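**Q** Structure in structure tokens, see below.
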Amino acid sequence: MPAGRKERRFSQKSRHLGRRGPTSQKQLAGFRWAMDAHQSGLLQQLLQQDPAYDYDLIVIGGGSGGLSCAQEAAVLGRKVMLLDFVVPSPRGTSWGLGGTCVNAGCIPKKLMHQAALLGQALTDSRRFGWEYSQQVKHSWATLTEAVQSHVGSLSWGHRLALREKAVTYLNSYGEFVEHHKVKATNEKGQEAFYTAAKFVIATGERPRYLGIQGDKEYCITSDDLFSLPYCPGATLVVGASYVALECAGFLAGLGLEVTVMVRSVLLRGFDQQMAEKVGASMQQLGVRFLRKFVPVEVQQLEKGLPGRLKVVAKSTEGTETMEGVYNTVLLAVGRDSCTKKLGLEKIGVNISEKTGKIPVNDEEQTSVPYVYAVGDVLEGKPQLTPVAVQAGKLLARRLFGGRSEKCDYVNVPTVVFTPLEYGCCGYSEEKATEVYQAENLNVYHARFWPLEWTVACRDSDACYAKIICNKLENDRVVGFHVLGPNAGEITQGFAAAMKCGLTKQLLDDTIGIHPTCGEVFTTLEITKASGLDITQKGC
Ligand code: FAD
Ligand code: NA7
């Protein structure tokens, strides 16, 4: 190992240790760990580097998973390079470091969801005594400018964090050229080659197109929506997954005319009773659903920002066709893993032929032992930012920190940020029935009317809570579902309880917080099987 590198690594470590007082408990525990590791030989093993390589670790992809893994490895004293490159969308949209979540996913999506909720709050506010006479209208330009400004600051923050942790960041596209070696190509087409002992693939996914006439020319995807330089106007959203419904939801909440074209079911993979309730709540907001249709052609009728597009669609159940005219067509028909142009075949990393995703073992190791993968590229794992972050961090600790904790992909909570939010953790009713059989399940449910909605005279029957319990395990909660305001905030806490083995009895023993939506879970009494009425009456 070159002397300079060794010094840098130790000075980094001592800076890290020096942050707290020399006698802090944490530091003492650290010294004790170091002594033990030294005696067992682990320390020597961890510090051992192969001088044959430029880096200990090269991470390809600077999104949620890649950033977390690269930074943790650097904190552990390793020499790390991170390559991140955004191939512009067919409409030319591109962005900086940070990946999907920061630039074209969770963050801008949640901010636009908030913009839509504020519109609803304005309407409610009159019932609470607010009087205002100005015409209320929404400015798309102000919203996108504010959202992009925040996104830009997060992206910049990631750059600074990499610099602080001495991770070498290159805005270059990475691909394997031979074992332990990648080619990094920058925006100008300049190529450089780097070697590393270990690699992590965290290249994520990008929106899929339909392959029909006019799709790449005239349609946009979520990659383009959050920075669209003009208000999309009347919008057709194609697809019925969470990305589709979330985008449709906030566009409708901003006052736009929104139609969703659904090929089969809403929210495939989610609890279907809940999915239909999400759909019903969106319909109430004015979203139109075209069920069992797929687009076959998109034509431009008029140029403009936005222009006018004609969409021809055909039924999935017969020969019927239909046409519609929209200002914008947003495709949300799935996402393809960025694994095809990584040169994986050159080093023998297997990918699933069907999905393009990378199968890994429970330590995120691919078919090539020195190559690992985290995040959305993984086969059969939840595709969520906190999952990618956790997997990346724990992977770095196992590779370079002598730790053994693995990412737990079970009972991962998630939320669909439709105007009425849907939060869930654990199994859908369909999946629970498949795993445990219907006769072994108790399904408790209730409708609830948030207090804030009473004065506002909003729908008393829209919000719904459901838990699925396994009778054979003392009524352990195996599925948690809530449709209501702030479902994300509610679900997070119950997810922690489920990790601790939450049972129906424990919920009954929990004292609620009044008046909140979450308290409904402490008073669930009616099972679905009983058929008793759960209708809420009001307004
Ligand atoms: P990404 O964050 O996608 O990062 C991959 C990076 O690698 C990208 O920057 C990409 O350009 C780069 N890259 C690709 N190939 C190469 C290459 N060859 N060389 C160099 N760089 C490359 N998750 C949530 O938890 N909550 C949400 O609310 C949520 N909302 C979402 C909303 C939308 C609209 C979308 C699309 C996704 C949402 N997600 C949400 C999912 C979340 O964004 C992903 O799970 C997460 O970003 C995955 O992280 P990743 O590191 O695997 O990949
Ligand atoms: P998903 O979850 O794969 O869903 C794709 C949706 O698009 C789903 O509703 C599909 O309907 C629909 N679809 C697929 N092909 C078509 C065609 N040809 N026509 C009409 N509708 C179609 O994709 P997402 O992009 O929402 O999310 C993927 C990941 O991105 C997610 O896990 C996060 O990480 C972010 P189907 O139910 O198959 O009939």
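A Cβ is built for glycine as well, from the same backbone N, Cα and C atoms used for every other residue.
From a predicted model like this one, the values you see are computed outputs, not experimental measurements.
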**Q** Looking at TrEMBL, which one out of GLY152, GLY334, GLY343 binds NAD(+) in the same site as GLY239, ALA240, SER241, TYR242, VAL243, ALA244, LEU245, GLU246?
**A** GLY334
**Q** Between the binding-site residues VAL243, LEU245, GLY334, which lies closest to CYS101 (disulfide bond), Cα to Cα?
**A** VAL243
**Q** If the NAD(+) binders are GLY239, ALA240, SER241, TYR242, VAL243, ALA244, LEU245, GLU246, GLY334 per the record, what's the largest distance between their Cα atoms, in Å?
**A** 14
**Q** Check each residue in the chain of SER241 (NAD(+) binding site) that is at least six apart in sequence and keep those whose C-beta is under 8 Å from its C-beta; list them in sequence order.
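**A** Those within reach of SER241 (NAD(+) binding site), by Cβ under 8 Å and sequence separation of 6 or more, are LEU267, ARG268, ALA332, GLY334.
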**Q** Across all protein chains in the structure, which of the recorded positions CYS101, VAL243, LEU245 has the highest Cβ count within 10 Å?
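**A** Neighbour-count leader: LEU245.
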**Q** Just to verify: the residue among CYS106, GLY239, HIS514 with the fewest other Cβ atoms within 10 Å, which of the recorded positions is it?
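**A** Counting other Cβ atoms within 10 Å of each of the recorded positions CYS106, GLY239, HIS514 gives the minimum at HIS514.
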**Q** Give the distance between the Cα atoms of CYS106 (disulfide bond) and VAL243 (NAD(+) binding site), rounded to the nearest whole Å.
**A** 10
**Q** I want the residues beyond GLY239, ALA240, SER241, TYR242, VAL243, ALA244, LEU245, GLU246, GLY334 whose C-beta is within 8 angstroms of the mean position of the NAD(+) site's C-beta atoms, in chain order.
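**A** Nearby residues not in the site list: VAL237, CYS247, LEU267, ALA332.
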